[in-house]
Every structure is written in C-alpha cells, then in structure tokens.
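Pasting in a structure now, in structure tokens, and then I'll have a few things to ask.
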Amino acid sequence: MTAKPNIAVIGTGGTIAGKGEAVVNTAAYLCSVLGIDEILESIPDAAALANLRAEQLLQTGSENFGNEHLLAIGKRVAQLLAQPDIDGVVITHGTDTIEETAYFLHLTLKSTKPVVVVGAMRPPSAMSSDASLNLYDALAVAAHPSSHGNGTLVVANSEIHTARDVMKGNSFKLEAFRSPYGPLGYVIEGRPHFYRRPSRAHTVETPWSIDTLVALPKVDIVYGYGALGSNVVDFIGSGAHGLIYAGTGNGNVAAHLLEPLRRLAERGVLIVRASRTGNGIVLRNGSQPDDEYGWLTVDDQNPLKARLLLTLALTQHSDARALQQVFARY
C-alpha cells in the first residue's frame, strides 16, 4: 500500500475563513474568523488524500497584505518545502489578492514540490459555499505527483491555474477566476487532470530566492485616464523606485502625461507601460517611443503582476535592457 503524502496547510484568513449570520450571507459576513484547524474539520474526507499538518500563519483579509506579508508567507513556505518529510504545501488565502501572493511565490520559491493557493468566494457558513470543495480540490492537487514542477498553482471552481496567468475577474461570482490562455487543468472527482504546463520560467529557473530577500524596492501603479492630473503622477512616482503606468488600450499615455513620466524616468524611476485592460500584449515602441524615453514595457503581464515582477527585478538590476528582458522571460 502506497503511503499517503504529507501536506502542510497554512492558514492566512480570508473568505474561506469567514462566517456570516445567515446562510444567505454570501457577500456580507465576517472575514478571517475561522482557524485553519476548524476549516479542515469541516472536510473530514480530506484525510484520505494526505497526512495534513496545519498551522495558522496569519489571520486577516488579503486586502491588507503588503510586501512584508508576502515575505513572511514565502519564507515559511520555503522552510516547510525544505523539510524532506513534506511533499507539498497548501495556503488558504483571501481571494482579493490571491493572484499576487501566488505569483510572488511562483517567482521566488526554489522547489519543484507542489504549492497551491486556495480561497473561496463564499464563506463556509453560506448556502452553496465553494469553500469546502475548493480546499478539498487544492489538497488533492498538492497531493498528486502530476502537480510537481508546475510552480505555484491557484485552485478555484474545480480549475487549476498557473499563478502567472490567473486573475480575479469578478467580485462575487463563484467563477471569478480566469486565465487568458485557459487553466492548466481541472479537478474532477478529487483528481487533478493537467492538459498543459506553464510555459514561462518559474521557481528553480528564476534568479530570485525567498531565502535571500529581506526588503523589497517600492514599486507603485498608476491607472491612466484622460483626466488624470500630472500632479497625481508626480506624487505617486516621487517616492518609488519603479512605476507601472497602466495605460488605456495598448498602454497608451495621454499627451499631457508624457512630460511628467519622462521627468520621473530622468530622475531614475523605472517607468513600465502596461495595459489597464489586464489582458493582451503591450507593443514596445508602438504607441510611444519607449527607447527614446527610457521606458520599459510589459509583455502580457497585467499591472498587478508587472508590479511584482519589477519589484523582484530591481533587487538585482538597474540596467533598463536587463530589466526589459525580465518581462520577456517571466
């Protein structure tokens, strides 16, 4: 008989740990009130999947997560993955920023063991909650050998997504998460079925290790629109090492904002053009002469993912050409 894998389960709060006063409270409820042990007790069948080792690392909504929380989660996950008797890690997490934490781990963990981040759109107390099945599916994915080498995954609504691509696209629907190129696979009857693999470098293929990261550079995002004041751009960019400009369409920049962005670049702030649509490629030297202005462009990363990627890149590079290659590789 094959021994069951050992899966560490880290609780950080979120809707998956929430509780409402009535079963119809699918949107109005208390967030982050249930501990990870209590959550796991609600799905006793999960014990058949793996030997579970639960711990509560954080207990708050993910809208509160800053760089320090990403570092704390990453370092604890790395410690667990380094233990030879741990075969994978599942992190319960609020859905607000789940894609950001997952992508950060995707880029900084140095292990081929499965790491799965999971949340819920409805609290466990709600009628037709997705919490229990999402967590069960996440545990099933983490426990399965086919999940090795895929980097960090996000499981939601019986879909398996790569952390690089997944985005939250709805504030309340169960099918809130999507990837522009589709999920990697699905969980059916408690078993993962993969149909493709991540195509971009991740985990052991990246130059960033969570073990050596201490403090992260400040990178901010400004969303462009025609009436955006140049003073707002100046203010947001003034204290940053890098600025993601989420422009309209193909990362387009309104004419009156060209000069303030160029001034920031001249002062050493890395300007990266992205698209506020959250989907699609931003063409370099297309709508703007990026080379002339000293600006960078994303490939297809949305502004949130671009912020994390630039943040990590700035821990090792300041040269614009090297930084531009980062967006092409990851």
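Note that Cβ sites are derived from N, Cα and C of the backbone, with glycine treated the same way.
Keep in mind it's a predicted model, so treat the numbers as computed, not measured.
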Considering the substrate binding residues T95, D96 given in TrEMBL, which of S62, S129, S132, S146 is annotated for that site as well?
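When TrEMBL describes the substrate site, the candidate it includes is S62.
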For the recorded positions listed here, T15, S62, T95, which shows the highest count of neighbouring CB atoms within 10 A?
T15
Please list, in sequence order, the residues in the chain of D96 (substrate binding site) that are at least six apart in sequence and whose C-beta is under 8 Å away from its C-beta.
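Within the chain, D96 (substrate binding site) has Cβ neighbours under 8 Å at G14, G61, S62, E63, K168.
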DSSP on the domain 'Asparaginase/glutaminase C-terminal' (218-327): how many residues come out helix, how many strand, how many coil?
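Per-class counts: 44 helix, 21 strand, 45 coil.
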Take the C-alpha atoms of T95 (substrate binding site) and T15 (active site, O-isoaspartyl threonine intermediate) and report the distance between them in angstrom, rounded.
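For T95 (substrate binding site) versus T15 (active site, O-isoaspartyl threonine intermediate), the Cα atoms are 7 Å apart.
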Give the three-state DSSP assignment (helix, strand or coil) for S62 (substrate binding site).
helix
Find the average pLDDT over the domain 'Asparaginase/glutaminase C-terminal' (218-327) in the predicted model and report it.
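Value for the domain 'Asparaginase/glutaminase C-terminal' (218-327), mean pLDDT as a whole number: 97.
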